[in-house]
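This report concerns only the one structure given below.
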Amino acid sequence: MSPFSISWKSLRANSLTSLLNVLLIAFGIGILAVLLLASSQISSKVHDNARGIDLVVGAKGSPMQLILSSVFYIDYPTGNISLQEADSLARHPLVKRAVPLALGDNIAGARIVGTDSSFINLYNLQLAQGNFWQHDFEVTVGATVAQEQHLQPGDILYGAHGLSEGAALHEEHPYRVAGILKPKGNATDHLVLTGINSIWRMHGQEEEHDYEHGEEEEHHAAEKEITALLIQYKSPGAMVLFPRLVNKSTNMQAASPAHESARLFSLIGVGIDTLQWFALFIMLMAAISVFISLYNSLKERKYDLAVMRIMGASKSKLFQIVLLEGVLLALAGSLLGLLLGHATLQLINSYQESAHTRLSGLYFMPQELYLLAAGCCVGMVAAALPAIQAYQSDISKILSKS
Amino acid sequence: MISFRSVRHGYGNNISLKFQDWTLQQGEPWLLLGNSGSGKTTLLHILTGLLKPQQGEVLVKGTNLYQLRPKELDLFRGRNIGLILQRAHLIRSLTVLENLLLAQSFAGLPTDRQLAKATLASLHMEEKINRYPHQLSQGQLQRVSIARAVLHRPALLVADEPTSSLDDKNAEAVLQLLLCQARATAATLVVATHDQRVKTSFSNQYSLPDVAV
């Protein structure tokens, strides 16, 4: 019979106390696991979505709002900017690539993005079926949207005004699905892409143009608006000059995705820190609880330990047995905690509204093994003193007192 | 052969107990007599390798117990010395059979379920092998602890006051069991007691004098 099975059976004999200890450890490790998994998923999502975008130019307002709406497609846009001004920025020598975005409508919650082929190149999009949009009112839909709405090329869709589900439908102009994108694992999976002109026509900007003719066209181009411009620099040096240029000499604002995501993290970081301390506090309580229960059970079991010595067990074997009890409790607690962490994230996932920011419970990290090891260390430390006591117990004294 | 030579022990620095030399032949049943306070338990603990005396030596099967390293002494005790405590005690979290298997494993012997079951059967405990200690009566517990003590056919079988809490009939039964098991395993039996009922069954006696305080 190994020390392992002796410890296991002893824990089973005190199943309620053992359960309490396991739950305490599981709770602490669970919170730490949720924090670890969630922050890693959020930062990898941020990274994936902001890849290749050095700067976003949009209407004045909150720079974070601009980034959230134009890079992550979760907040509302800050407003519109003039197409003419945007075009002049796009032609600036420091700019390698400029991607126009026109937001405003949605299909069943998925945002319709009016843009041009530069968007395809920016995100390196590929088609799973059909084609990219070519004519007005043709759309190419993201993989997740197609899957959730059961869309096929050739299907007809109606956009709804605004960015949230259930608003008034634009029934006058149906969209036709031209193609479906391959999944990219970022926000583009959740978008419906079309030409900018479709957005303008949908909102009447181009219809005006139909009534008036010829020389008026230039004038109207000036009135055309887009929501934002995603910019990729030619050289890193532009990072210093270009934002200042936009902010000083135009009535638009420039926001850096990297800078704003860092700011976002520092804001939610306070919450993460608080939760982390809370989890560590719970782990401390768990350690104390393991210590007290082992210490108490040792008092009741000192006769058991004396009998083990009579049977030939050495002092170090008793030490092992008691230490192993702490480690087993901690191991069970930590494993349960990791399971709990993943289950919690999966639960959060099912309540999250915006589909592309969803956290997954099926996301695993090698750092979880550190959590497991840390949990076991807590158990070992808590069991150390009782184990030393078991090691030092004087059997002759225990037996003669009975 | 077991011998006990010029053993002296005391608690603290003063030596208060001086034990007469004692030699026990293999297979001999002995009675250890002494009133409470006469150092009977101390003697038993010294004899079974649980308590290192301040002076003197104890030889069991030619091995000087207190010259062994602590780990070797534990193993030697597990294999060669069976100790039956006054109040029978088994490991609470293990079944009767598991308690015996644990004894085999602690003594460094291979697990032998058949032997464990046969030993329990010889004490009429075969039906209780999967019970837990708290499900047994005190008498049943004592049978199991006898089974545990004789399991590895020890050279020395020591029982501390095995009859003190029993009525006449049961006391006699336990005594016969011990004698019978000792004979079957060719063990030297030492029964420590102050119980007058036991005396008639033994020819060899080692008496501790009352300590004058």
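Using the three backbone atoms N, Cα and C, a Cβ is placed for every residue, glycine included.
Because the structure is a prediction, the values reported are computed rather than measured.
The domain 'MacB-like periplasmic core' annotation in TrEMBL covers A:18-197.
In the predicted structure, the domain 'ABC3 transporter permease C-terminal' (A:278-392) carries a mean pLDDT of 91. What TrEMBL lists as domain 'ABC3 transporter permease C-terminal' is A:278-392.
Sequence-distant neighbours of the transmembrane segment (A:20-38) (same chain, 6+ residues past either end, Cβ-Cβ under 8 Å): 272, 275-276, 278-280, 282-283, 285-286, 289-290, 293, 329-330, 332-334, 336-338, 340-342, 344-345, 348, 359, 363, 365, 367-368, 371-372, 375, 378-379. Feature annotation from TrEMBL assigns transmembrane segment to A:20-38 (among others).
Residues of the same chain lying 6 or more positions beyond the ends of the transmembrane segment (A:277-298) and with a Cβ under 8 Å from any Cβ of it are 10, 14, 17-18, 20-21, 24-25, 27-29, 31-32, 35, 305, 322, 325-326, 329-330, 333, 375, 378-379, 381-383, 385-387, 389-390. The feature transmembrane segment is assigned by TrEMBL to A:277-298 (among others).
According to TrEMBL, the feature transmembrane segment maps to A:318-340 (among others).
Sequence annotations record features per position, and here TrEMBL assigns transmembrane segment to A:369-391 (among others).
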DSSP residue counts for the domain 'ABC3 transporter permease C-terminal' (A:278-392), split into helix, strand and coil: 99 helix, 0 strand, 16 coil
